[in-house]
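For reference, the structure discussed in these notes is given below.
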Amino acid sequence: MSEYRSDRPAPAAPRLTGGAGSANPWHALWAMLIGFFMILVDSTIVAVANKRIMEVFNTDYDGVIWVTSAYLLAYAVPLLVAGRLGDRFGPKNLYLIGLAVFTAASLWCGLAGSIEMLIAARVVQGFGAALLTPQTLSLITRIFPAAGRGVAMSVWGATAGVATLVGPIAGGLLVDGLGWQWIFFVNVPIGIIGLGLAYWLVPALPTTNHHFDILGVALSGLAMFLIVFGLQEGQSHDWAPWIWAVLATGAALMVVFVYWQSVNPREPLIPLGIFADRDFTLSTVGVAVISFAVTAMILPVMFFAPIVAGLSFTRSALLTAPMAIASGALAPLVGRIVDRAHPAPIIGFGFSMLAIGLTWLSIDLTPATPIWRLVLPLIFMGVGMAFVWSPLAATATRNLPPESAGAGSGVYNTTRQVGAVLGSAAMAAFMTSRIGAELSAAGAPVRGEGPVPELPRFLFGPFSEALSQSLLLPAFVALFGVAGAIFLRGFATPSAPVPARVPPVEEQHSLDETWDEEDDYIEYTVDWEPVLPAADPPTDIVRAVTDDPITDRIYDHVEHPLHAPAEVWHPGPVETWSHPTEEPEPEPEPEPEPAWRGMLDDWLGPQQQQPVRTGFHSDQQGWLQPTEPPASVTEDDLPAGSHTRRTRGRHSRGD
């Protein structure tokens, strides 16, 4: 058994440089999470106030949905370039600028006197959010040491989940108590506090130069705007030919954008090579699907609850709380499962639950249904989301090389926002189409100077039927997630073994003190072959045994230096063997595995162990064992006096 350890010190944690900033990275994280929390709350807080905004501005469904779509669109498009802007001008500076823009735009939203002004202010809000978001991840990566980075990322992710829950509830309380304007005004004092804390606690970090793909930003932004505009305004203009022309132009610009990314000689927004990883591609499609489904689902529910069910804005918001609670409660369990199991059945199960829950909600969305029955499919959907969000994020960059992980993360997050934008726009078009068809069939006017937020009771049935049919759209889209999960590869296939290097003679009597990691070591199992009546060992081996102190200790330990057959032993000479400088500590007794893990292993089957190039293999407990000799060799064939000696060692480098 041989063990190598390095005396080289562990790499130092990233040094915090620049002006103001706390030496404790957790202080900086808490300061940044204030802004991050606000922008995510604003993604969901407006849906509760849609009915009141329609009344105040005398607008229709298309107009009020633009309040959400404009924010999501302005949020999604600059995300890819905002991270590089942070590298160029400093993530702290971009964070402060983004938070200041978002806070000022929130004040503008609350003071808006028309629906058009409110939409314009929401665009500016989204732009500020796009500048802010990538800087939070960049700062976590750069200021936290590797040992604490995972916990920091978990806190960052948990903040997003809490914001999803708090957004609708806070919106309902504010609209009922203070008025719709306060869903925006509340951001102003919080934003000012966040600016002060970020300036004081977030460190300034070194900057790097980047080339900016201005043409790529323009092409992607214009293409997304035209597609969203065509989808959202098509129904209100009866799908006129010019609407189809707008959609076709947007699609064509998107094709041009992809082509430009493939030929851009500098730094494209999206390095297309990352899509060669099938799991990354399917995970990116999957996150767009679930973002589409969740955003699209919220709109019909938030119209049904106050208009048909007669709930207050606060109670309407609380209707979706069980969904978020179920998703958050299951997240730790799902995180454990996804570390051990293939992602395909997990993600497929989650998307299936989501599709079933949406279909169930569509069936029960009637004026006669008790509210408690609507909570059941929402909980069902929350369970499905728990089995989708975290496994998708873990699978997306699992097999990407480290140099592509940053680009992959940026593309993944941008695609999530694009899915939300398309979900909002597509639901606006489909829902207004179904409302128009159902109310027209019931003999009611669909459009006039404004909406009909206070429906007569005899129209509750047709209106609910239209919203029910609308929920089938995200249910259908969720099935694409089920189909994509089937083709996930999961863990990457181990690469082919690389032949070992035999050191030159002048290096064979010394130990290399430099190793990849501080705790890196090698331990292996030795299976001695029978003593053969062969000639004396070569003189170079005898010299190694008698002259080299390390080899002498091995010689004393095993009593006889032996010549092993080439098909069993590693081709390296005996001189390359080494002996540990100290005995390893005994391995602690492993803790018993939870019962559910054993059931999961029985279901998925054990992972195939790969042979290593030294003639050994790893058993189920992670120990190296020698490859069995040919079946034709038995103990009866061994000469008298031969013996077999085994030692066990635990490996740390893997197979």
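For all residues, glycine too, the Cβ spot is worked out from N, Cα and C.
Keep in mind that TrEMBL annotations are predicted by a computer and have not been checked by a curator.
These features come from TrEMBL:
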COMPBIAS  606-624  compositional bias 'Polar residues'
COMPBIAS  643-655  compositional bias 'Basic residues'
DOMAIN    28-493  domain 'Major facilitator superfamily (MFS) profile'
REGION    566-655  region 'Disordered'
TRANSMEM  28-49  transmembrane segment
TRANSMEM  61-82  transmembrane segment
TRANSMEM  94-115  transmembrane segment
TRANSMEM  127-147  transmembrane segment
TRANSMEM  153-175  transmembrane segment
TRANSMEM  182-202  transmembrane segment
TRANSMEM  214-232  transmembrane segment
TRANSMEM  239-260  transmembrane segment
TRANSMEM  280-305  transmembrane segment
TRANSMEM  317-338  transmembrane segment
TRANSMEM  344-363  transmembrane segment
TRANSMEM  375-394  transmembrane segment
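Within the chain carrying the transmembrane segment (239-260), a Cβ under 8 angstroms from the stretch's Cβ atoms is held by residues 215-216, 219-220, 222-227, 229-231, 233, 268, 272, all 6 or more beyond its ends. Relative to the transmembrane segment (94-115), the listed stretch 182-202 leads the set 61-82, 182-202, 214-232, 344-363, 375-394 in CB pairs under 8 A. Across the domain 'Major facilitator superfamily (MFS) profile' (28-493), the prediction's mean pLDDT works out to 86. As a quick check, the transmembrane segment (61-82) and the transmembrane segment (214-232) clear the bar of 3 or more Cβ pairs under 8 A, pairs 6 or more apart, so the two touch.
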